[in-house]
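Student: Sequence annotations record features per position, and here TrEMBL assigns compositional bias 'Low complexity' to 1-18. Per TrEMBL, region 'Disordered' is recorded for 1-60, 521-558. The compositional bias 'Basic and acidic residues' annotation in TrEMBL covers 19-37. Sequence annotations record features per position, and here TrEMBL assigns transmembrane segment to 76-95, 115-133, 145-164, 170-195, 207-227, 233-261, 309-328, 348-367, 390-409, 415-436, 448-468, 480-503. Annotation comment: TrEMBL describes 77-512 as domain 'Major facilitator superfamily (MFS) profile'.
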Amino acid sequence: MRSPSKASSQSSRSSQEQTPDKHVDIEKDAIYRDEAPSRPGSIGSGVAGPSSTKTVLRFPPGDPENPYNWSAWKKAAAVFCVISTVLNSTMGSSLPSGASAQLAAYFGVHSQLELVLPTSIFLVGYVFGPLVFGPLSEHYGRKGVMCACLFTLALFTMACALAPTWAALIAFRFVCGACGSCPIAVVGGICADIYSDPTSRGRSMAVFMAATCFGPLVGPIISGYTAPISWRWPFWIALILAGITFVLLCLIPETYGPVLLKRRARRLRKQSGGKDDVWAQIELEESSWRHIFTVVLMRPLRMIVFEPLVLFTCIYTALIYAMLYMFFQAYPIIYEGIYNFTPGQTGLALIPIGIGSSIACGMYLYYDKLLARARARDAPWSRSVEMRRLPLGCVAGPFIVAGLFWAGWTASASIHWLAPVSAGVSFGIGFLLVFMSLINMLVDAYDVFAASALAAASTFRSLFGAVLPFATTPMYERLGVAWACSLLGFLTLAMCVIPFAFVRYGELMRRKSRFCRYLEEKRREEEEERARGREEERGGECADGESRGARDRGDDVV
């Protein structure tokens, strides 16, 4: 007679084979959580193979190797290390923007469109990198992919500093962008790996998104003040920071639960000499190159096409992300052209955007407390999944629109430079609130597929960030500063409806989402399996109690 766990596993597999959605069927076959089926003496759940029964390994409750059970300090250290890689990458993206004059003089480049290339080609790398590294991190683990990419980023940053020709510099920058995109795609998944509750995960994601905002603001400041010494110096500084970050990254352990279970299963099989038929779920998945290409690597693209939550998040975040990189071309037009700033001073004019981002972090934490209080008193609005993140996205749009109109219509020689510079605070607030609300929503909605969802969003916004800066100089020259900023403001105003639509129709979108339905089904199956395990454990305890009672009375125990 089959045990309940084996029967349920077999029935689960048979039901999956009948599911019409083949793409989701061949995604992951289990959602990993802190608890395993609590049937006494079991390692995991039985899975019927073609000719034998395999024991699928899961983390038992309280397992110290499960990243969910790490200490608070260990989790914070891991987040700090991976956030450092994000800062390193995003800072590198904007690094050449403050060295345009020196690069033009050294390489003999005089076209303004060509001078945009060192920044834009980096973002082209951002377009392709996440499509590979996000899904691969869900197949091979986070740490190995991150370390390989950061090492390659450091190597090609050194190549940029030593570039002999303009073409070589552009090629090296593309490789830097492709490898530098890895943290952008993977760090959100790492936050989901180590924080099981949405509150802690949301706070770690807020720090992650702040890093994606602060990094590009630091690059022009570094290059603006070091490029006059030599255009190579900004790259040498980036190389030093990459080396320090690489050492930190090597010190943190792997965070991806399925890979940790695979290592444990292999260790158990080795210790038993192959006698124990113990496997991790990820080992039972197909691992052919055809599967990796058609399923794993294509997952972000399928999400963009078939998941409205992902698609519209991509569109909104792509537009405002592109605006940030357009500012690297627009700020010299405004502040060097109107106010006679130096390149270093123009870089400093970006600081208010960082100040606004810091304010946005405070707003996020304050809303987090309001939500916790509302849940404590069981307020009806707090039960909605959409209300967990999206209200901040609803208020973000007006801040961006106000900042753009403010900057555009105060940038005049007759008005003090502090007026348009201060508009960056409003833009920074809205910029980070959009990212924190919508990106956190993707992580919550897609769980173990979060890295693929973030890879889709990163690819989309990087494409916009790479292309739109080429239009910046022509747009500002033809329309003027005021109307160019106003055009961006009107585009953002049209995007403001997206978070409100998510609040209204988000639940319907999740019900129709193939990925979300699959995740919900797996959660329900695991909950049922855990409930059966608890019932079996209680039954065993009752039987043990009766046996002890019989022994105490001197009865024979058969």
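These residue numbers are counts, starting from 1, taken along the chain as shown.
Each residue, glycine too, has its Cβ placed from N, Cα and C.
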Student: Under an 8 Å Cβ to Cβ limit, what residues of the same chain, 6 or more beyond the ends of the transmembrane segment (309-328), are close to it?
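Tutor: Residues 93-94, 97, 119-120, 123, 213, 216, 220, 303, 350, 353, 400, 404, 427, 430-431, 434-435, 438-439, 441-442, 445, 453, 456-457, 460-465, 467-469, 471-472, 488, 491-492, 495, 498-499, 501-502, 506, 509-510, 513.
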Student: When each of 115-133, 207-227, 448-468 is checked against the transmembrane segment (145-164) for Cβ pairs under 8 Å, which one has the most?
Tutor: 115-133
Student: Can you name the far-off residues of the same chain, 6+ from the ends of the transmembrane segment (76-95), with a Cβ under 8 Å from a Cβ of it?
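Tutor: Long-range Cβ neighbours of the transmembrane segment (76-95): 70, 119, 122-123, 126, 146, 150, 153, 157, 176-177, 180-184, 186-187, 190-191, 194, 204, 207-208, 211-212, 214-220, 222-223, 234-235, 238, 241-242, 244-245, 248-249, 251-253, 255, 325, 328.
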Student: Would you mind giving the whole-number mean pLDDT across the domain 'Major facilitator superfamily (MFS) profile' (77-512)?
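Tutor: Across the domain 'Major facilitator superfamily (MFS) profile' (77-512), the average pLDDT comes out at 86.
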Student: Any residues 6+ beyond the ends of the transmembrane segment (390-409) with a Cβ under 8 Å from its own?
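Tutor: Same-chain contacts beyond the ends: 320, 323, 334, 356, 363-364, 367, 419-420, 422-431, 433-434, 436-438, 441, 481-486, 488-489, 492-493, 495-496, 498-500, 502-503, 506.
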Student: Which range wins on Cβ pairs under 8 Å with the transmembrane segment (207-227): 170-195, 233-261, 348-367, 448-468?
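Tutor: That would be 348-367.
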Student: Between the transmembrane segment (415-436) and the transmembrane segment (448-468), are there three or more C-beta pairs closer than 8 Å, counting only pairs 6 or more apart along the chain?
Tutor: no
Student: Pairs of Cβ atoms less than 8 Å apart decide it: which stretch in 170-195, 348-367, 448-468 has the most with the transmembrane segment (233-261)?
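Tutor: Maximum Cβ contact count belongs to 170-195.
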Student: Apart from its near flanks, which chain residues at least 6 from the ends of the transmembrane segment (170-195) lie with a Cβ under 8 angstroms of it?
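Tutor: Apart from its flanks, the transmembrane segment (170-195) reaches 67-68, 70, 75, 78-79, 82-83, 85-86, 88-90, 92-93, 96, 117-118, 121-130, 133-134, 137-138, 142, 145-146, 149-150, 152-153, 156-157, 159-160, 163, 201, 204-205, 208, 212, 255-257, 439, 442-443, 447-448, 450-451, 454-455, 458, 462.
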Student: Would you mind listing the long-range same-chain contacts of the transmembrane segment (348-367), meaning Cβ under 8 Å and 6+ residues beyond its ends?
Tutor: 202-203, 206-207, 210, 213-214, 217, 220-221, 224, 324, 327, 331, 335, 341, 391-392, 399, 403, 417, 421-433, 436
